[in-house]
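The structure appears right after this line, and notes come after that.
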Ligand code: GAR
């Protein structure tokens, strides 16, 4: 599956996906990496891996739709069949989503539907939950609201800081995102409305 990845930050999830691909354990081809932030570490990681990287700085555009139009054209030119958001800190507009006719996945550092949006780990600490985790889900038109593919829990410890909880969750994210993408690429993800069923070996035709 020809895959594009959008990332706004340091790109550790991007790197984990690249590494898993390179080791032959993820049957996708990462053909393009994009970011809304010129200095994003993710862009450098892509270049180091020999993957073409493009920046779509929001300040270059008169309005958000123009930026998204460029992203849509970029995906079309790259014949993209799968889009992965890996720490991409912008919500794709309903217009943009309506123009994409292939799966879009996101990873979020909480057990959704708890703590959507920014600073999910801080929200979890402030709420006082004892368990948090991460979620890989299909992107829909809402904020972190699409059908859930995989989730995994991690404990929240009383001595945790935002940094220590983020690191514990991140270690799981790096494995879980590849696991979800692999299931999708192997045709093992069946979606009916909000419900996502992971097909077992014996259910595959
Ligand atoms: C990750 O924790 C990811 O789950 C989160 O941003 C971080 C990106 O780290 N995404 C969101 O909060 C999206 N709502 P990375 O740049 O090292 O992959």
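Glycine is no exception: its Cβ is also placed from the backbone N, Cα and C atoms.
According to TrEMBL, the features are:
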{"type": "DOMAIN", "residues": "1-181", "note": "domain 'Formyl transferase N-terminal'"}
{"type": "BINDING", "residues": "11, 12, 13", "note": "N(1)-(5-phospho-beta-D-ribosyl)glycinamide binding site"}
{"type": "BINDING", "residues": "64, 106", "note": "(6R)-10-formyltetrahydrofolate binding site"}
{"type": "ACT_SITE", "residues": "108", "note": "active site, proton donor"}
{"type": "SITE", "residues": "144", "note": "site 'Raises pKa of active site His'"}
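Across the domain 'Formyl transferase N-terminal' (1-181), the model assigns an average pLDDT of 98. Residue 144 (site 'Raises pKa of active site His') carries neither a helix nor a strand DSSP state and counts as coil. Residue 108 (active site, proton donor) is 7 Å away from residue 144 (site 'Raises pKa of active site His') when you measure Cα to Cα. In this structure, the C-alpha atom of residue 13 (N(1)-(5-phospho-beta-D-ribosyl)glycinamide binding site) lies 11 angstrom from that of the residue listed as 'active site, proton donor'.
The Cβ of residue 11 (N(1)-(5-phospho-beta-D-ribosyl)glycinamide binding site) has 40, 41, 42, 43, 44, 45, 46, 86, 87 as same-chain neighbours under 8 Å, each 6 or more residues away in sequence. In this structure, residue 106 ((6R)-10-formyltetrahydrofolate binding site) is part of a beta strand by DSSP. Here the CA atom of the residue listed as 'active site, proton donor' lies 23 Å from the CA atom of residue 64 ((6R)-10-formyltetrahydrofolate binding site). Around residue 106 ((6R)-10-formyltetrahydrofolate binding site), the C-beta neighbours below 8 angstroms that are at least 6 residues distant in the chain are 84, 85, 88, 136, 137, 138, 139, 144, 146. Residue 108 (active site, proton donor) and residue 12 (N(1)-(5-phospho-beta-D-ribosyl)glycinamide binding site) have their C-alpha atoms 13 Å apart, to the nearest angstrom.
Secondary structure at residue 64 ((6R)-10-formyltetrahydrofolate binding site), taken from DSSP and collapsed to helix, strand or coil, is helix.
Sequence-distant contacts of residue 12 (N(1)-(5-phospho-beta-D-ribosyl)glycinamide binding site), defined by Cβ-Cβ distance under 8 angstroms and a gap of at least six in the same chain, are 87, 170, 174. Cβ proximity to the N(1)-(5-phospho-beta-D-ribosyl)glycinamide site centre (mean Cβ of 11, 12, 13, cutoff 8 Å) flags the following additional same-chain residues: 7, 9, 10, 14, 15, 16, 41, 42, 45, 86, 87, 174. Each of the recorded positions 64, 108 was scored by the number of other CB atoms within 10 Å of its CB, and the largest score is that of 108.
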